[in-house]
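I have placed the structure first, in the form of structure tokens, so that the comments after it can refer back to it.
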Amino acid sequence: MGPLSAPPCTQHITWKGLLLTASLLNFWNPPTTAQVTIEAQPPKVSEGKDVLLLVHNLPQNLTGYIWYKGQIRDLYHYVTSYIVDGQIIKYGPAYSGRETVYSNASLLIQNVTQEDTGSYTLHIIKRGDGTGGVTGRFTFTLYLETPKPSISSSNFNPREATEAVILTCDPETPDASYLWWMNGQSLPMTHSLQLSETNRTLYLFGVTNYTAGPYECEIRNPVSASRSDPVTLNLLPKLPKPYITINNLNPRENKDVSTFTCEPKSENYTYIWWLNGQSLPVSPRVKRRIENRILILPSVTRNETGPYQCEIRDRYGGIRSDPVTLNVLYGPDLPRIYPSFTYYHSGQNLYLSCFADSNPPAQYSWTINGKFQLSGQKLSIPQITTKHSGLYACSVRNSATGKESSKSVTVRVSDWTLP
């Protein structure tokens, strides 16, 4: 590339320097026809290395030249400029401290970073005939050598045909394109294999033996390409969805035994039980048999209706059954009669209601002084008199549990009538 010599005089940009630059820009004419070219040496440069933007076929009789970062010629993108008369270098806002400009217009960038990639524009100002300068604009794009990529995965051990996997090609590299390979072939696009907009991320839906890999990704730019090591997903056998069998879905409270069994049976799984969405705690009331696959409730209460679920697990994960809820039969409890007051006056209306906790709902009946009055929860007598005084009893019965209960109140009616 020939010897390079840096000019002895360097300056950071000043207002006076900006005015000079602006003056030069004001006299720009259409580009020169000189075949100026720019090449990067070395053509492939890694991050942290140095690169020289070497200028070929530089015209003679130059006034100076200006380097810009990007293709926009403004102060913000101004890196450095060289003025031939006086061998003066000026620096602009885009100067990072790592750029060195030489008298042959070549630009050295040291310790290259990702931020240095992209386009660079060289403006060459040639001496004119006294009326202005002739300028040429030449653009060059710098690319870093692509790093060797690696593939990261949201899950290297997916369940067969049930789980989605996200593969990502790392690192994210500016001004580069991404390619994917499966089984050494370019990636077929199907409903189960989809790429992100940038191609950097690959989505696999319902992984099967066919789509388990191996996968490779490639990062490519105009000067280099690098491919990752192959990655193959460890496809796990699909877990069968468990289900619960039970000896009695309608147990009687504090009387019947309920036995739950988690199916299917396998020595390769562990079994977990869930009650109301929470892991079933260890309790002396609850018995577990055959490695937790069978759950026994010796005497069910109304607070243990569920829902119950069982889960089968291997070392990679698990799957739960559909919920099962018990229909616990209970009651009737001791009934309650409303309202609680028992003193009335002749001419008032008597309204009494009876309620008892029971599943299924209890049957209700009323007696007055031991004589059957009616069936139902409510009793009403309009315009009562003293002859309605007596013992009012509400009886409740649950035919499913075979239990009965009753409650009575004494009603007293005075012969004083309301005005």
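Yeah, the Cβs are placed from backbone N, Cα and C, and that goes for glycine too.
Positions annotated as signal peptide by Swiss-Prot, on the basis of sequence analysis: 1-34.
Summarising the annotation, Swiss-Prot assigns domain 'Ig-like V-type' to 35-144.
Annotation source Swiss-Prot lists domain 'Ig-like C2-type 1' at 147-234.
A strand conformation is recorded for CYS217 (disulfide bond) in the three-state DSSP classification. The disulfide bond feature in Swiss-Prot is assigned to CYS169-CYS217 (among others).
Feature annotation from Swiss-Prot assigns domain 'Ig-like C2-type 2' to 240-327.
Sequence-distant neighbours of CYS310 (disulfide bond) (same chain, six or more apart, CB under 8 Å from its CB) are PRO242, ILE244, PHE260, CYS262, TYR271, ILE272, TRP273, TRP274, ARG293, LEU295, ARG320, SER321, listed in sequence order. As annotated by Swiss-Prot, disulfide bond applies to CYS262-CYS310 (among others), with the evidence given as a curator's inference.
If you draw a 10 Å sphere around the CB of CYS354 (disulfide bond), it holds 23 other CB atoms from the protein chains shown. As annotated by Swiss-Prot, disulfide bond applies to CYS354-CYS394 (among others).
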- Task: List the residues of the same chain that sit at least 6 positions away from CYS217 (disulfide bond) in sequence and have their Cβ under 8 Å from its Cβ, in sequence order, or write 'none'.
- Result: PRO149, ILE151, LEU167, CYS169, TYR178, LEU179, TRP180, TRP181, LEU202, ARG227, SER228
- Around CYS262 (disulfide bond), how many other CB atoms lie within 10 A of its CB? 24
- Cβ neighbour count (within 10 Å, all chains shown) around CYS394 (disulfide bond): 23
